[in-house]
Amino acid sequence: MAHATFTAEGQTMESFRLLSGHKIPAVGLGTWRSGSQATHAVVTALVEGGYRHIDTAWEYGDQEEVGQGIKRAMHAGLERRDLFVTSKLWCTELSPERVRPALQNTLKELQLEYLDLYLIHWPFRLREGASKPPKAGDVLDFDMQGVWREMENLAKDDLVRNIGVCNFTVTKLNKLLGFAELIPSVCQMEMHPGWRNDTMLELCRKNNIHVTAYSPLGSQEGGRDLIHDQTVDRIAKKLNKTPGQVLVKWGIQRGTSVIPKSLNPDRIKENIKVFDWVIPEQDFQALNSITDQKRVMDGEDIFVNKTEGPYRSVADLWDHED
Ligand code: NDP
Ligand code: 1BO
């Protein structure tokens with residue numbers, strides 16, 4: 001359920017209510033592979049674009065730059081309480097005793113007192129120094145329950161306002177729901193018209209878990225070029241919008257928050273201008289009917305070791321659910 005609020009430049013900005021009662025702005029800026037340009041992108045998004053939601057992760061190696069961008073935006077007049085900042089616990093930190101130090105390091109890099117949302121980045125534990133693809137012994141046992149307890153403790157101690165997961169399957173989410181004292185507020189997953197991820201969306205809806213759609217434009221190099229997809233392009237032309245805007249709006253109309261990444265100031269501002277129009281039902285259904293459904297972010301290069309395991313194929317990673 002979206003709630004309208006107002007932000008910069010008189011632009012309407014929608015948000016979704018989380019189980020915790022907090023609100024997550026419907027569009028956030030993704031920062032993967034933003035490197036040293038992350039500061040400029042974050043300032044552009046927050047100060048000029050009217051964004052209030054930033055998505056980062058320790059693994060992106062740009063938390064310091066993101067933090068500098070947030071700091072500059074706050075010097076320009078934004079209040080911390082108006083921002084929604086997400087980061088993620090990397091796979092090498094997936095053991096109970098490593099969770100709190102990892103969060104503390106993330107807060108230090110971001111120069112923040114708390115996060116709005118802390119997510120388990122991937123549900124696979126890696127040995128520090130693991131290779132890509134992993135060698136034998138690089139992928140370790142993951143104590144999901146122990147790690148989740150520590151995530152819950154971070155929330156109890158007000159170091160994070162919400163906790164959640166990314167890249168979970170039905171099997172893994174049901175397992176977590178079996179022992180969670182704090183239900184995840186958010187499940188972040190790949191989602192765009194080329195990978196609708198309907199089964200996970202449905203499970204999250206049933207459990208009142210908000211979904212954030214990552215790689216909403218089909219991701220970056222090596223991804224899926226949805227910007228030039230015929231259906232997307234036809235609808236964009238018809239609505240006098242850009243393909244990027246149609247892809248972002250599609251996610252919002254499905255009730256998910258959406259976190260497009262861009263380093264280009266014009267595209268950053270374009271991607272959030274999605275609140276005073278709708279994709280008509282017929283066009284929405286056409287986007288829901290794009291064939292060749294396929295993940296871009298299948299995790300193969302990080303977690304699959306075809307001969308040694310424990311995950312010998314992409315299907316293993318996703319619990320044979322695709
Ligand atoms: P996106 O789907 O957001 O696509 C980004 C690409 O699209 C970039 O090459 C960007 O180029 C280009 N682009 C941006 N806006 C437009 C536009 N309006 N028109 C045309 N091209 C455009 O890719 P990501 O994979 O980065 O996903 C977004 C975010 O989701 C990530 O940055 C990260 O924060 C999060 N994520 C989370 C994951 C997880 O495991 N939890 C996994 C993957 C992503 P340019 O910069 O030049 O504009
Ligand atoms: C391996 C990190 C993918 C982007 O979240």
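From the backbone N, Cα and C atoms, a Cβ is placed for every residue, glycine too.
Note: TrEMBL annotation is automatic and uncurated.
Features of the protein shown, as given by TrEMBL:
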ACT_SITE  Y60  active site, proton donor
BINDING   H121  substrate binding site
DOMAIN    27-290  domain 'NADP-dependent oxidoreductase'
SITE      K88  site 'Lowers pKa of active site Tyr'
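When each of the recorded positions K88, H121 is scored by how many other Cβ atoms sit within 10 Å of its Cβ, H121 comes out lowest. Every protein chain considered, the tally of other Cβ atoms within 10 Å of the Cβ of the residue listed as 'active site, proton donor' stands at 22. Here the Cα atom of the residue listed as 'substrate binding site' is found 11 Å from that of Y60 (active site, proton donor).
If you take the Cα of the residue listed as 'active site, proton donor' and the Cα of K88 (site 'Lowers pKa of active site Tyr'), they are about 10 angstrom apart, rounded to a whole number. K88 (site 'Lowers pKa of active site Tyr') carries a strand DSSP state (E or B).
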